[in-house]
Amino acid sequence: MIKDMIDSIEQFAQTQADFPVYDCLGERRTYGQLKRDSDSIAALIDSLALLAKSPVLVFGAQTYDMLATFVALTKSGHAYIPVDVHSAPERILAIIEIAKPSLIIAIEEFPLTIEGISLVSLSEIESAKLAEMPYERTHSVKGDDNYYIIFTSGTTGQPKGVQISHDNLLSFTNWMIEDAAFDVPKQPQMLAQPPYSFDLSVMYWAPTLALGGTLFALPKELVADFKQLFTTIAQLPVGIWTSTPSFADMAMLSDDFCQAKMPALTHFYFDGEELTVSTARKLFERFPSAKIINAYGPTEATVALSAIEITREMVDNYTRLPIGYPKPDSPTYIIDEDGKELSSGEQGEIIVTGPAVSKGYLNNPEKTAEAFFTFKGQPAYHTGDIGSLTEDNILLYGGRLDFQIKYAGYRIELEDVSQQLNQSPMVASAVAVPRYNKEHKVQNLLAYIVVKDGVKERFDRELELTKAIKASVKDHMMSYMMPSKFLYRDSLPLTPNGKIDIKTLINEVNNR
């Protein structure tokens, strides 16, 4: 168990100063360098005399200087707001307007001119590092102080800043490094793929820094080159893979993504979206000896609140894979529309309680009051997810409340339809979306389909392919759930965080 993130990093700077903490295609930085660089950057930040505990926006990609700046800000007593280099200018402006940061640190060239907020450039960070300024920690982030603030997409289009405290982070990190499901080794060698602006990134950097491991990052230029990206990943000595399931699906398009070519890769950690039976089955075929961990949780409950090791037996017997045993310190409940706790097996909304629950959304008391509350004397959060608990306290996922539609008198989970279609042996990926009429009622269901390699060539017309897919799933899919139209694509759009972008597809079919 660790009691302070920075104390842990500082300890490794003493005991394994020359061990790499960061590796980008062979360009390495050690724990000793991270201490010296973060001390120097923290001294620079202190010299600016910012308002105590005020948040600082950090703009950049998956670089070492981002990591060193995050550590420096924690030492200096400031929460950091990670903003990815690929963010749209409108989103950056919205984040600045809401967060009111006292400073912007631009590790990459900042695309906007902001009046009234000082900006520190990469050249100033580099100069501070060269100066090697000593630093005495007297006011670092502690306890309920905000450690980081990650902005998620709001339903109104306005992003919401989720405040995660040092205590929240410790609750998550200690669970992850101690829980048998994750089985994190000492000095873990982790792939650092999800951007820092996505809280899934915490699942790789927090346990790695807590256990003295190495982060293997990829340069941003590589991420846009699909073929080169996965050729490079296959050559990395990573032992643990952390990503959304969608990113793993992309990786499996490369023949090099297999146990024979990547023998060091033994653990897969998934979070951020639902892990399908189809993806898990394919992964077991590629990596027969690997451990596949399915984790679940919203950003508001610090990355994940439950986890479970997926077995071949689960893949063979479940239509939707379980999402885990809740964390011991985070009692999780299922409630009905009136807020009453439901019994085992009953489906309702998943709520999470305990020390990993955020204090709320930054400078947004209205949205905070809607989502955060007290349950059984504990801080609690409405996940907006449908689920149930088995008698063995395993959490089962049933979809999103906001992706639940009423069609032809039936209440339908869009994700349930997608899961059923994904069971077809011809389908690589499927997403169900509703088309609305002028009265905003569901007119019909459509499905976006990516078929497996070689499937299209077996059919003369798409109509015949559609009939074949429908026939392949009709035995386990209710007729009223079957989409009336299938739209075939070579790929499905992903959000910057690597999830399938369902909202974009819904907007597309409704001409929004």
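Residue numbering: from 1, along the chain as shown.
Each Cβ is built from the backbone N, Cα and C atoms, and glycine gets one as well.
A quick note: this is a predicted structure, and the numbers were derived from the prediction, not measured.
Swiss-Prot has this to say about the protein:
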| type | residues | note |
| --- | --- | --- |
| BINDING | Thr152, Ser153, Asn294, Ala295, Tyr296, Gly297, Pro298, Thr299, Asp385, Tyr397, Gly398, Gly399, Arg400, Lys499 | ATP binding site |
| BINDING | Asp199, Val303, Lys499 | D-alanine binding site |
Spatial neighbour of Val303 (D-alanine binding site) that is closest, considering only the binding-site residues Thr152, Asp385, Gly398, Arg400 and their CA atoms: Thr152
CB contacts under 8 angstroms to Asp199 (D-alanine binding site), restricted to the same chain and 6+ apart in sequence, sorted by sequence, are Ile150, Val162, Ile164, Thr299, Thr302, Val303
Could you state the CA-to-CA distance between Pro298 (ATP binding site) and Lys499 (D-alanine binding site) to the nearest Å? 14
How far is it from Tyr296 (ATP binding site) to Lys499 (D-alanine binding site), counting Cα to Cα, in Å? 14
Whole-number Å distance separating the Cα atoms of Asp385 (ATP binding site) and Lys499 (D-alanine binding site) is 16
Show, in sequence order, which residues other than Asp199, Val303, Lys499 on the same chain lie with their Cβ within 8 Å of the centre of the Cβ atoms of the D-alanine site. Pro194, Phe198, Leu200, Ser201, Val202, Met203, Asp271, Gly272, Gly297, Thr299, Asn497
Which one of these binding-site residues has the most other Cβ atoms within 10 Å of its own Cβ: Pro298, Gly398? Pro298
Tell me the Cα distance separating Lys499 (D-alanine binding site) from Asn294 (ATP binding site), rounded to the nearest angstrom. 15
What's the CA-CA gap between Gly398 (ATP binding site) and Lys499 (D-alanine binding site) in angstrom, rounded? 18
Between Lys499 (D-alanine binding site) and Arg400 (ATP binding site): CA-CA distance (Å): 14
In three-state terms from DSSP, label Tyr296 (ATP binding site) for me. strand
Counting all other Cβ atoms within 10 Å across every protein chain shown, which of the binding-site residues Thr152, Asn294 scores highest? Asn294
Listed in sequence order, residues with CB under 8 A of Lys499 (D-alanine binding site) and six or more positions away: Thr244, Ser246, Gly272, Glu273
